[in-house]
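Peer 1: My questions will all concern the structure given below.
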Amino acid sequence: WALMLVVSVAIYGSHAPLLTLCKVDQRIPFSSASVVVLVELTKLRVTVSWHHVVPFALSALLYAANNNLVVHMQLFMDPSTYQVLSNLKIVSTALLYRLFPTQRLGRRRWLALLLLVAAGVSYSCGGLQDPGSPSQMKLHITLVGLVLISVYCLISGLSAVYTEAILKTQALPLSLQNLFLYFFGVLLNLIGYFWSSTEGSFLEGFSSWVLVIVVSQALNGLIMSVVMKHSSNITRLFVISCSILVNALLSVTLFNLQLTLLFFVAASCIGLAVHLYYGV
């Protein structure tokens, strides 16, 4: 467990810096849909059993809808606003988690989750700073953007809770459940790729850094399925929050960014949240 969670934290934290390393002339030269397809195929390749079929289409559809929302939301808000408000998916996941009759969260654990939200907001508001850029961050969002971010947080929580419910209630091996989920993931993203693709091959613009992203995201998806099968989405939320620390370390090392006071506020909130929720 410790090894898997540490690897997952490292993968979450390194994702954004790896994407930055893939840029050519300050732009992403490859199709995001093709990366997602290869991630799903890599996970599918690891899943070895092919004998049963169960409906995971809704789960894959929810994930696909959220992935597309992330792109379209950028038209109605700036990236900083998205980074700040997307932390509300922690609250939406916890609220929907109450649908499990046996999974009630006490006040102590609710406080821990609110601390995770505070950590995410603090980090997004200026945990890292470019020495050559102004320190003041301005947020901008339209009414449409506010609606979209609300839908995004709702779908994010719903997809996580729904997928966990399927994984735990079905008497099937996790490898089979992964197979069905990734099959629909590949299918939906292939449809999205051919629907929106322009001229160029499927692997156009790929580099070694893109392949690192594909393999790492595939590994992380497999780890998260184990977490949701045998632990809970709350553990997943803590993994995502802890990845802030890895993201900051890589950003300082690779891109010469500086840590600010808000980073240490975020790190303190995460540490206190872990103590309150898990008692360690």
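Every residue gets a Cβ built from N, Cα and C, even glycine.
OK, TrEMBL features for this one:
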TRANSMEM  46-65  transmembrane segment
TRANSMEM  110-129  transmembrane segment
TRANSMEM  141-167  transmembrane segment
TRANSMEM  179-196  transmembrane segment
TRANSMEM  208-227  transmembrane segment
TRANSMEM  234-255  transmembrane segment
TRANSMEM  261-278  transmembrane segment
Peer 1: Could you give the residue numbers and ranges of same-chain residues that sit at least 6 residues beyond the transmembrane segment (141-167) on either side and whose C-beta is under 8 angstroms from one of its C-beta atoms?
Peer 2: 54, 56, 58-59, 62-63, 65-66, 69-70, 72-73, 75-78, 81-82, 85-86, 88-89, 91-97, 99-100, 174, 177, 181, 225, 228-229, 232-233, 236
Peer 1: Looking only at the recorded stretches 110-129, 208-227, 261-278, which one has the largest tally of CB-CB distances under 8 Å to the transmembrane segment (234-255)?
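Peer 2: By Cβ pairs under 8 Å, 110-129 leads among 110-129, 208-227, 261-278.
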Peer 1: Which sequence-distant residues neighbour the transmembrane segment (208-227)? Criterion: at least 6 residues beyond either end, Cβ under 8 Å.
Peer 2: 4-5, 7-8, 11-12, 14-15, 18-19, 21-22, 30, 35, 38-40, 42-43, 46, 167, 174, 177-178, 181-182, 235-236, 239
